[in-house]
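Features reported for this protein in TrEMBL:
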| type | residues | note |
| --- | --- | --- |
| DOMAIN | 52-265 | domain 'Radical SAM core' |
| BINDING | Cys66, Cys70, Cys73 | [4Fe-4S] cluster binding site |
| BINDING | Ser139 | (3R)-3-methyl-D-ornithine binding site |
| BINDING | Glu164, Arg183 | S-adenosyl-L-methionine binding site |
Amino acid sequence: MTERTNIQALIDKAETTHTLTKDELVTLLQDRQYEAEVFAAADRVRQKYVGDEVHLRGLIEFSNRCKQNCLYCGLRRDNSKVSRYRLDMDTIIDFAVKAKSYGYRTVVLQSGEDEWFDVAKMVEIIKKIKELDLAITISVGEKSREVYQAYRDAGADRYLLRIETTDKELYEKLDPGMSWDNRMRCLYDLKELGFELGTGCLVGIPGQTIESLADDILFFKEIDADMIGVGPFIPNPDTPLADEAGGTFELSTKVMALIRLLLPDINIPATTAMESLNPEGRVLALQRGANVVMPNVTEGEYRQLYLLYPGKICVNDTPAHCRSCITGKITGIGRKVSETHGYRAKRV
Ligand code: MET
């Protein structure tokens, strides 16, 4: 077969059977010539399985304090340049009320790993937000199964915990003091407890190979993740990886498009980090397989203090501005803002 025919056959296989072997994924990840065909196939699969609606999730970044020391993250414990904040409970609830008033049907509560928010405080926050008839996604890192159970019992619907990389050795190098096995344990516990499970990976971290990205994609299928967020690695000057090369927009969206082909009915965000690399990043991502956007609803000075990576977009905007801006972008490409809670479609 000629190269074109071979690549086209792989794309057709992915589009029709939603399966690829590791070698086939590697071939598609390495190819640069027929990327447009991969993106077009992902867009068709997105349209067929989850439709034209885009789900918006209002993101509340409620604490930038973190006990972990991940080398790639601006909020790492050893970064003394960050001025640390922690929102009080009333402020968190207030932001959730406002998120609802902007029309969001889900709030995502995200923070560094901040033990001040113990299980009792989180349960109280979750219960109060549930009274607003919002879906709740929690993203606060690694906890025991019992703690996850308590969040679930309180009404949390979804949990976001990226594996970041399925390469165990690389993971443990980049996340000193953390255990890859424990992160896997967390992901399987969350799935078993009935959360909609969100995970995902970084693209372009130093030491990562194309083969390991293929493993990441196959792992997402294996665990039957309900949402997958892919972010390009963007080196933060205040971290040990300051001088490393970052990931590219093209490869990040390629990984995302392949995930759409293999997990056709899941929710996939057009991530903020993608738009930080390309001014049209979220719209392009929505046309390459994504069907979710997570606008920030954190207000005031806190918005500038939650810098996982430099160049983060919208840090000087208000939540109301972001709401109308993103609506304009979505309708501008002929898509529609969803008015549902946006659970996984499950149409396969
Ligand atoms: N540290 C947590 C995690 O790894 C929370 C999000 S990262 C800012 O998932």
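Each Cβ is built from the backbone N, Cα and C atoms, and glycine gets one as well.
Those TrEMBL annotations? Automatic predictions, nothing curated.
Neighbour counts were taken as the number of other C-beta atoms within 10 angstroms of each residue's C-beta; across the binding-site residues Ser139, Arg183, the minimum falls on Ser139. Ligand 1 lies within reach of none of the binding-site residues Cys70, Glu164, Arg183, judged by a C-beta closer than 6 angstroms to any of its atoms. Of all Cβ atoms in the shown protein chains, 22 besides its own fall within 10 Å of the Cβ of Cys73 ([4Fe-4S] cluster binding site). Cys73 ([4Fe-4S] cluster binding site) and Glu164 (S-adenosyl-L-methionine binding site) have their C-alpha atoms 11 Å apart, to the nearest angstrom. The secondary structure of Glu164 (S-adenosyl-L-methionine binding site), as reduced to three states from DSSP, is extended strand. Taking Cα separation as the measure, Glu164 (S-adenosyl-L-methionine binding site) is nearest to Cys70 of the binding-site residues Cys66, Cys70, Ser139. Counted within 10 Å of its Cβ, the other Cβ atoms near Cys66 ([4Fe-4S] cluster binding site) come to 21, all protein chains included. Look at Cys66 ([4Fe-4S] cluster binding site): DSSP puts it in coil. DSSP assigns the residue listed as '(3R)-3-methyl-D-ornithine binding site' to a strand.
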